[in-house]
Amino acid sequence: MTDYILPGPKALSQFRVDNLIKDINSYTNSTSVINELRSCYIHYVNGIAQNLSEQDTKLLEVLLTYDSALDIANDPLARQLNDAVANNLPSSALGEDTYLIRVVPRSGTISPWSSKATNIAHVCGLQDKVQRIERGLALLIKTVPGFPLLENLNDISLKCVYDRMTQQLYLTEPPNTMSIFTHEEPKPLVHVPLTPKDTKQSPKDILSKANTELGLALDSGEMEYLIHAFVETMKRDPTDVELFMFAQVNSEHCRHKIFNADWTIDGIKQQFTLFQMIRNTHKLNPEYTISAYSDNAAVLDSENDAFFFAPNSTTKEWTSTKERIPLLIKVETHNHPTAVSPFPGAATGSGGEIRDEGATGRGSKTKCGLSGFSVSDLLIPGNEQPWELNIGKPYHIASALDIMIEAPLGSAAFNNEFGRPCINGYFRTLTTKVLNHQGKEEIRGFHKPIMIAGGFGTVRPQFALKNTPITPGSCLIVLGGQSMLIGLGGGAASSVASGEGSADLDFASVQRGNPEMERRCQQVIDACVALGNNNPIQSIHDVGAGGLSNALPELVHDNDLGAKFDIRKVLSLEPGMSPMEIWCNESQERYVLGVSPQDLSIFEEICKRERAPFAVVGHATAEQKLIVEDPLLKTTPIDLEMPILFGKPPKMSRETITEALNLPEANLSEIPSLQDAIQRVLNLPSVGSKSFLITIGDRSVTGLIDRDQFVGPWQVPVADVGVTGTSLGETIISTGEAMAMGEKPVNALISASASAKLSVAESLLNIFAADVKSLNHIKLSANWMSPASHQGEGSKLYEAVQALGLDLCPALGVAIPVGKDSMSMKMKWDDKEVTAPLSLNITAFAPVFNTSKTWTPLLNRNTDDSVLVLVDLSAKQETKSLGASALLQVYNQVGNKSPTVYDNAILKGFLESLIQLHQQKEDIVLAYHDRSDGGLLITLLEMAFASRCGLEINIDGGDLESQLTNLFNEELGAVFQISAKNLSKFEKILNENGVAKEYISIVGKPSFQSQEIKIINSTTNDVIYANSRSELEQTWSKTSYEMQKLRDNPKTAEEEFASITDDRDPGLQYALTYNPADDMKIGLELSSQRPKVAILREQGVNGQMEMAWCFQQAGFNSVDVTMTDLLEGRFHLDDFIGLAACGGFSYGDVLGAGAGWAKSVLYHEGVRSQFSKFFNERQDTFAFGACNGCQFLSRLKDIIPGCENWPSFERNVSEQYEARVCMVQISQEKDNSSEESVFLNGMAGSKLPIAVAHGEGKATFSKSAEQLEKFEKDGLCCIRYVDNYGNVTERFPFNPNGSTNGIAGIKSPNGRVLAMMPHPERVCRLEANSWYPEGKYEEWGGYGPWIRLFRSARRWVG
């Protein structure tokens, strides 16, 4: 067996290199220690044969050629790095002041990258030649003369270079390749001797020591319970596996002990537990809830008739089955892992919540997501704000700035790669000093951050409940990724205050994500569910906190069974793990299932087709006993009666007292001017633009997103609600679902009940921007974050839960069927601590009648006499409360009087009014935006920003304090744009629902002739403030811009920021050279005969559903074809007239975006011949590729005739994944090339918006300038990015990737192949377009203009 070392491409772009130099310099307390840095990947190849043949070596080199090569011809340092890597030289061989640092996967492990790269190599014919391929990173660093770099590096300074959980660092010598590929011997089983011979130590002393060393977080009662079970009942010592499993299964994180505790407050025993009060909401309003509190997510009856659109299990033809599809809802938090390791912590937070939505009932599926973050003050270097506090942090916990740079990327990356659109969220910062009731200073803030991940999904009605029992003998299966020693003890670690435990235990508790694996698992679940009555899944759970130690026992416990397991059947990437580590690690992307032995072969076939790993690890038993055997070590790690594990350790009792903070009233005399207040408030992150958090996340995948965060022709992120269409199917469906968030944690410093009520009310005011069916249809998820053990916080928690469970929610008729709690929201280190306020995050979910009736803050320009109307639900209050407002926060105040819901009936009447306003035939409401963070002024400004217009804002006169109160109070309310002629109708509907005229007032009007914002004293008509829309919007966008500049390429951040000032920018537009209405007739004409199109996907592809639907709507028969189908002969391309390569992340973009997929075609003889014949020999075929499919086709250019000068698609100039709506033009070249295209016939010259979502879309011509020239001369570019003026552009963000000459789509000379980076298939439903002109829904029949592309192909076929 021979090992090879091959230098790879550049690992870091110049922008990333500059950032890394800056980071390492800062950690070494210098600005100029490092002069230069070069980077590359290293490929380690473990050969099977003694020596690879020359042909095999060349193939291997081709496979491992991707991204940008080192410039060894012109750069001496790059050449030195390449030679040192190729020859495996130590750092000392490079000369003085030059260091070579290598990072490789941790010894004895197999990385996810390795699994995918090895898989590609095997598909390409190297299965008998190459055992495994691994990848490392090499950094060549040149310092100033004489600086001892290695002496100044430590774990903290190197965290920007490697992940010590999964990787190893080599600072001087190169790693021995044997250590990379050699597996360690399994570690032994450990017994904890609770009955030692040394009688000086009691069993409790010994268990207490193990409790600390293992990070079990057991309380005294639980330790007594375990001692009784093992010492007194079983009369034996427990194993470390049994103790660790018990700790995870019974942790606060998993069992919610505080919410089930008995409470005594101020000496009075309380009548209800917290959970009982939450359940009360469901008890009083159970309508439309199918499942609550009993599964991984709550299941709702949406009452929306829809289609189950999926491939037929036999023919693989995409078919529509008409059925009502229940909605499932879930919101999770991943706070502790995000504090420790922000990127993987947030990534696995989203991944875990996605699995919850996939493991509901007997198999389900996520549909769309949300994410949110609360952190302490950002302290952006060079952009520190006057109210921000810098109080330090524990050394091993990430700063707020690092969290907000890395964590959103982690969450977005997982969602993107899995294929889940993220269309809602929030972002808040807080660090403030307050005095407790004794006058002692406390720091309140989010050093322990909140990372929230949630969303909703769907489940077929027959599988909504876990009502098919697992029976004795059922196969117990682990589906998904192989286990590794990561995420150990996450359930227990997240149940204690951060910073209290050991840094090593904290770090060990963070999982790592592999979204492409989770996508494969979801495909398995989808295929099982598509079998209908033959679904082999009896029951399913996701593997989360506690790993298999929680999931597998829970699976059988649900069915009152026991189980017997073989621990060595658990698939592992790390054979050296001990039994405890195998059983308890929290490796991600895993599900546990029960499958009948008779159905095992069906399940196995599905997994094989999807390349999803699985193992039968045990069987259910009638005896309620949990036995885990280890045949390798010949031990029994677990032998427990199920009641011991799931029995009843002593029920928790909580005693607390009511203690209010000592808060002074608001002091507005400290505020120098209205201008200063506006400037500061616009810079507060909770108020300002969240664009930097949104553009990194795909918001168009599935083709069902009818309202995302960005609004209008100028794409400003101000939407109140996220909305999806119900389903794809035979026809356009107008129904849908909505979700919206509400959270008011700062108010909890003043009043817990007010904070809770405001959070619910805010979520409702947001969700009612959508055409919600009724209040009873709305269901809430409540996520409670509390430092429950902090003095006075227990009573606040009880007060808040009581306010919702026994008061507001019953009064409104809304239920809370799902939720989560995190009860350790405190960070401690040294002699410092930062305590979070009680934070209730409410997410409202509801079915929607008509998604096209969703209101947005975009002001309607087609009316001359509209006014802006405020409905102020606090109108009867003599004074407005400024407590906990953004205004006070930016002047380091909290205040002592909070807004609240003063009258439940008025709020309910207002919400009923919104339902009726939506139902009016005439659009009475032209625009809508609720009043929230920042108050009335921010509500109005956001409407102006979205609309690129001016405003005249009228407020009552008075002094500065009066002006500040009117403009910045955050009392409940909303602003409506109403035409003057409809004002009386609007008022009448509100009055009839109990909202009297005193609640309604005109506060201004829009000005579409100017972009000046004026605030006018309505008493004197004096202008008391004036500024331009562009300057105010830039101030509002400043935090987002600064974060984007730190995280992404600063040049593109600056270009986008500058574009805000272009007052003449006309925005998105539809300048079409064809009439989309004609396509309705074409669709009917072509639907009788349906030629077959292969909807082609490789592992990791996620955009097949919307692609299949578009071809179906165009008159084709769409067939689900995987690469394994072609490799194994289940399908042949001869069977199809068309081929559509779908978007996603094939092989997780390992070996380059689309490259692994393409190489599996080019270097597999049988498959290559199929594709070659399809492109070259047949004249009746066409091929289309979008995004990843475009990258795939572009790399097949050698077998597509005339396409040798096609570009490749490389990393975006922004160095970031970009999800945007961009304008493109269908090229109208001198040779009329677009008219030759099978797809673009009749569209030439059209300019229109399209969805974009990719990280590697820059068209790059690597051979020479002549390649680009020849490409353009041959007319092979058929789609180009244009700016809003219609000019071809390379400017960001109008060109989202920096593509040369604006290249967005390319075609073959014969017009039969089209490859494009944007996504037409995602916007063929008109509502899936973020914006379209008024009146087009009826005119175009619900279809978007891009449906023409697919119907043109159908006409070409004839």
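Numbering starts at 1 and runs along the chain as displayed.
Cβ from N, Cα, C; glycine included.
In Swiss-Prot, the Mg(2+) site is described by Asp720, Glu762, Asn766, and among Asp558, Asp930, Asp933 the residue recorded at this site is Asp930. Of the candidate ranges 164-188, 339-363, 1039-1063, Swiss-Prot annotates residues 339-363 with the feature region 'Disordered'.
Rounded to a whole value, the Cα-Cα separation of His1319 (active site) and Ala719 (ATP binding site) is 22 Å. Following the DSSP three-state reduction, the secondary structure of Asn424 (ATP binding site) is strand. If you take the Cα of Thr2 (N-acetylthreonine) and the Cα of Thr348 (ATP binding site), they are about 36 angstrom apart, rounded to a whole number. Helix, strand and coil content of the region 'Disordered' (339-363), in residues and according to DSSP, is 19 helix, 0 strand, 6 coil. Every protein chain shown contributes to the tally, and the Cβ of Glu1321 (active site) ends up with 30 other Cβ atoms within 10 Å.
Most other Cβ atoms within 10 A: among the binding-site residues Ile354, Ala719, that distinction falls to Ile354. Cβ-based crowding with a 10 Å cutoff singles out Thr348 as the top-ranked of the recorded positions Thr2, Thr348, Asn424.
The two recorded residues, Thr348 (ATP binding site) and Glu1321 (active site), have Cα atoms 29 Å apart.
Long-range neighbours of Gly351 (ATP binding site) (same chain, six or more residues apart, CB within less than 8 Å of its CB): Phe414, Phe418, Gly513, Pro515, Glu518, Gln588, Glu589. The two recorded residues, Gly345 (ATP binding site) and Glu1321 (active site), show a Cα separation of 32 Å.
Under the DSSP three-state reduction, Ala719 (ATP binding site) is assigned to coil, being neither helix nor strand.
Each residue contributes its Cα atom, and for Ile354 (ATP binding site) and Glu1321 (active site) these two points are 24 Å apart.
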